[in-house]
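Participant: Take a look at the following structure, please.
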Amino acid sequence: MWVTSLVSVLPLAVFAFALPSKDCEHKVKEAVVPPRHWVVSGPAPPDHLIKLRIGLPQPNFDVLEDHLYAVSDPYHERYGAHLTKEEVEELVAPHPDSVSEVNGWLSSHGIQEEDVGRSPAGDWLTIKLPVQLVEKMLDTKYHVWKHTGSGEQIVRTTSYSLPKDIFEHVELIQPTTMFGTFKKLKSSLHSISKIDPQLQSQNLPPITDSATGLTVDASCNTTITITCLQQIYNAVGYTPSAGIGNSVGISGYLEDFANRADLQAFFEDQVPAAAAVNATYNFVSVAGGLDPQDPDEVGVESNLDTQFAFGLTFPIESTYFSTAGRPPFIPDIGTPEDTNEPYTDWLDFVLSHPNPPLSISTSYGDDEQTVPESFAKRACAGFAQLGARGVSLFVSSGDGGVGDGDPDPATQECITNDGTNRTQFIPGFPASCPFVTAVGGTVLFPERAVSFSGAGFSNYFSRPRYQDAAVTGFLKKLPAGTYSGLFNPNGRAIPDVSAQSDFFRVFVNGQPFHVGGTSASSPAFAGFVGLLNDARLKKGLPSLGFLNPLFYSKAASGFNDITVGNNPGCGTEGFNATVGWDAITGLGTPDFGKLVKLVT
Ligand SMILES: *[C@@H]1O[C@H](CO)[C@@H](O)[C@H](O)[C@H]1NC(C)=O
Ligand SMILES: *[C@@H]1O[C@H](CO)[C@@H](O)[C@H](O)[C@H]1NC(C)=O
Ligand SMILES: *[C@@H]1O[C@H](CO)[C@@H](O)[C@H](O)[C@H]1NC(C)=O
Ligand SMILES: *[C@@H]1O[C@H](CO)[C@@H](O)[C@H](O)[C@H]1NC(C)=O
């Protein structure tokens, strides 16, 4: 009796200790209304693997943010004193209690330390796990969701929970509630068309802009080349150097691949000095990103980005990042690829790099509302880390005017995803992150705003101080009640700046095409910042890093103010370009000649 009861009690007692009490009571961490157009098409296969990312809180992020603003403020004594990789990592490291609590939770589910990937700062954990285990850990149920328009399928849940004891030790877990997906994540290419050879034979007199006094070739009104950008942005004759620690980067996603033969054709057409030495870029694979060079694998976006960013900055060292991910995603195969958005893979990689490029352009984004707020904030915090290390980040502002990126403003839905179905302007992410420089679009010469220039006001990020005066000045000029309820007047406003965005002469499979979109303006702007960094490094000054505090203050006079044009969307005429900052071209386009004086 005694013996048997001991035997039966002992396993029970062990069981009670092994099953942590923390697993008994879960609390909802995040819940979303299923976004429009997504319907459940069935339960998630229990063995489907999910690459789970667990973000631990960064309790000292506000300290990092203070450092970032100090080193980015041209009037601060610490301007330019960027932080090292190790300093940044220390400031985003989680509290040791969070690490041990989460470790305990993972091991209580049989997860071994060797199965857990950790970012250098320890703030992100990555583990491949079957759906059935994730469902148990997060007290949730995953489903295969299908997009009624595109047919795209993803494995997601609308809510997840955490045991009470670790609730505060985890900031977010994805993929859970993230319905903005890899495939949906759009590049901001607006148009592509074969160039009519007739265009080249025009023999018109040069055009002079009476406002700036600049003269450009007549052809620049219909076709943008490297020479045109140098003329329009007052950089003719500026010669950058190699070998002084400067670098420019382009990030590519979605298996849109840059092609080296096309880069060479472009150089022969527009940058003879680069062609003469067969100049090319460093290829960097992120998370297994490929680098095919076959003609049928050529990506227009990546060709546009590499040709213009690297054409403007030759011979500065150039890097093209190819981040893996092959849409469409098929959820019944036991592979974890494609279920995440790409920024975290790219950010993990670049943040772990000792010397990331100093000026980096990304022409990919999606509607802010498709990205859960917790995720947007965390990815944005990653961009801040790069800024603190002296990297300037550029993101296209989008191609939908104030709308949702649908090329036809009349059919843009502009409806909120939160279940209330309100009509609202739709800003883009990551442009809406206050720690990147969002680049809008202009066209023609003299320049005017391009109608598709993505713009608006974030619903996630409040207005950063650096743009307070500029944006409130713009809002005050709006007729009373303008678009009331359609946008958040206290939100981070985009774009910050702009550049030419249409009729770029890009080589694809050896042939010239006209390519347009804020996809073009972002790499072009990044190129000019590469030149500004050249001027600074030559004077022994540090790289520019996070630019917005400089642009909205000391360097504001280095921009051409664009005052003509508007950006229709959501059934409205959008915002007008105005004197000063506006929600279509931001501060305006760069006057390199002025900017170089202001920053050196
Ligand atoms: C530039 O192109 C626009 C649109 O095609 C045209 O209206 C304008 O006259 C052109 N400007 C010059 C100076 O040629
Ligand atoms: C550039 O590449 C071409 C073709 O591969 C080759 O013939 C030429 O010698 C190269 N030029 C230089 C300067 O390396
Ligand atoms: C919002 O739209 C969705 C999809 O059209 C619909 O199912 C839902 O009932 C609407 N909700 C409200 C509050 O109107
Ligand atoms: C844009 O300018 C037009 C013409 O001046 C004006 O009628 C309209 O109200 C302005 N729209 C906004 C949003 O400021």
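Cβ atoms here come from the backbone N, Cα and C positions, even for glycine.
According to TrEMBL, the signal peptide annotation covers 1-18. For 223-600, the entry in TrEMBL reads domain 'Peptidase S53'. The active site, charge relay system feature in TrEMBL is assigned to E301, D305, S519. Among the features that TrEMBL reports, Ca(2+) binding site is placed at D561, I562, G580, D582.
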Participant: I need the nearest neighbour of D582 (Ca(2+) binding site) among the active-site residues E301, D305, S519, using C-alpha distances.
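Facilitator: It is S519, whose Cα lies nearest.
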Participant: Which binding-site residues are spatial neighbours of D305 (active site, charge relay system) here, meaning Cα within 10 Å, out of D561, I562, G580?
Facilitator: none
Participant: So which recorded positions are near S519 (active site, charge relay system), with CA atoms within 10 Å, out of E301, D561, I562, G580?
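Facilitator: Of everything listed, what lies within 10 Å of S519 (active site, charge relay system) (Cα to Cα) is E301.
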Participant: State the three-class DSSP label for D561 (Ca(2+) binding site), counting H, G and I as helix, E and B as strand, and everything else as coil.
Facilitator: coil
Participant: According to DSSP, which of helix, strand or coil covers D582 (Ca(2+) binding site)?
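Facilitator: In three-state terms, D582 (Ca(2+) binding site) counts as strand.
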Participant: Rounded to the nearest Å, what's the C-alpha distance separating D561 (Ca(2+) binding site) and E301 (active site, charge relay system)? Just drop the number here, would you?
Facilitator: 28
Participant: What average pLDDT does the predicted model assign to the domain 'Peptidase S53' (223-600)?
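Facilitator: Summarising the domain 'Peptidase S53' (223-600) by its mean pLDDT gives 92.
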Participant: Please work out the number of neighbouring Cβ atoms within 10 Å of the Cβ of S519 (active site, charge relay system), leaving out its own Cβ.
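Facilitator: Excluding its own Cβ, S519 (active site, charge relay system) sees 31 Cβ atoms within 10 Å.
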Participant: 10 Å Cβ neighbour count around D561 (Ca(2+) binding site)?
Facilitator: 19
Participant: State the Cα to Cα distance, in Å, between E301 (active site, charge relay system) and G580 (Ca(2+) binding site), rounded to an integer.
Facilitator: 31
Participant: Within 8 Å of the centroid of the Cβ atoms of D561, I562, G580, D582, which other residues of that chain place their own Cβ, given that this set defines the recorded Ca(2+) site?
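Facilitator: Other same-chain residues near the Ca(2+) site: T563, A577, T578, V579, W581, T585, G586, L587, G588.
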Participant: With Cβ-Cβ distance below 8 Å and at least 6 positions apart along the chain, what are the contacts of G580 (Ca(2+) binding site)? List them in sequence order.
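Facilitator: In sequence order, A470, G473, F474, D561 meet the Cβ cut-off.
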Participant: Give me the non-local Cβ neighbours of I562 (Ca(2+) binding site): same chain, 6+ apart in sequence, Cβ-Cβ under 8 Å, ordered along the sequence.
Facilitator: T442, E447, R448, A449, S498, A577, D582, I584, T585, G588, T589
